[in-house]
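Over in Swiss-Prot, the protein carries these features:
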SIGNAL    1-17  signal peptide
BINDING   His18, His90, Tyr177  Cu(2+) binding site
DISULFID  Cys59-Cys180  disulfide bond
CARBOHYD  Asn132  N-linked glycosylation site
DISULFID  Cys150-Cys233  disulfide bond
BINDING   His166, Gln175  O2 binding site
Amino acid sequence: MKLTTSVALLAAAGAQAHYTFPQTDINGQLSGEWVTIRETTNHYSHGPVTDVTSDQIRCYELNPGTPAPQIATVQAGGTVTFTVDPSIQHPGPLQFYMAKAPSGQTAATFQGTGNVWFKIYEDGPSGLGTSNITWPSSGKTEVSVKIPSCIAPGDYLLRVEHIALHSASTVGGAQFYLACAQLTVTGGTGTLNTGELVAFPGAYSATDPGILFQLYWPIPTSYTNPGPAPVSC
């Protein structure tokens, strides 16, 4: 009985160290869980994706091809916030990507396959070269990104991604926590140069320097985010 209880407690502790992104908050309007965000496979376990060649690295959908019930609307230049359940509990970078639904599709029907994704944000650590490396998103219960004001209006998938690097010193050790929100963007100028478009899977290799990474020792002096550079207006 004691052994069973101990195993259960360990499993619960493991789940608590993991996290999901279940809701959006736009202009103070908080969606319900998995209402504007496609429900992820880890909605219960909170566990990560670890295989960058898996289709799950795209949106981590529990039921691929099944959209979220609603599409959120945001003004170009506005901010989209994702809630984190319970919080970001591992060290690593936060990144956001967008992909525009082609003509004839909506954010609900668009699957985000192929070279359609462009990065709009990435962060990195401070304290490199010291024993006190910190990451901007650590401990956050919500994370936000500004939609480029020069983006073209239309329907998009917005992909939030946090890469946990605490076990990333071996291939397959990095943990990816991610989700895709369904958006309609209004009011953009359409002048954005999206630069390099990438696919998920395909954008990352398990041996990319920002994915296969020794966080603790020897103490790192640099960090290179995986994927393309973020776009800007």
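Backbone N, Cα and C atoms are what each Cβ position is placed from, and that goes for glycine too.
On a predicted model such as this, the values are computed, not experimentally measured, just so you know.
Features per Swiss-Prot, on structure.
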residue	record	contacts (Cβ under 8 Å, 6+ apart)
His18	Cu(2+) binding site	Asn42, Ser45, His46, Gly47, Pro48, Gln89, Gln175, Tyr177
Cys59	disulfide bond	Arg38, Thr40, Gly112, Leu157, Arg159, Leu178, Ala179, Cys180, Phe200
His90	Cu(2+) binding site	Ala17, Ser138, His162, Ala164, Leu165, His166, Gln175
Asn132	N-linked glycosylation site	none
Cys150	disulfide bond	Ala76, Gly188, Thr189, Gly190, Thr191, Leu192, Cys233
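Sorted by the number of other CB atoms within 10 A, the disulfide-bonded residues Cys180, Cys233 start with Cys233, the lowest. When each of the binding-site residues His166, Gln175 is scored by how many other Cβ atoms sit within 10 Å of its Cβ, His166 comes out lowest. Packing around Tyr177 (Cu(2+) binding site) is summarised by its Cβ count: 26 other Cβ atoms lie within 10 angstroms of its Cβ, all protein chains included. Taking the mean position of the Cβ atoms of His18, His90, Tyr177 as the Cu(2+) site, the remaining residues of that chain whose Cβ falls within 8 Å of it are Ala17, Tyr19, His46, Gly47, Pro48, Ile88, Gln89, His162, Ala164, Gln175. In the three-state DSSP scheme, Cys180 (disulfide bond) falls into the strand class.
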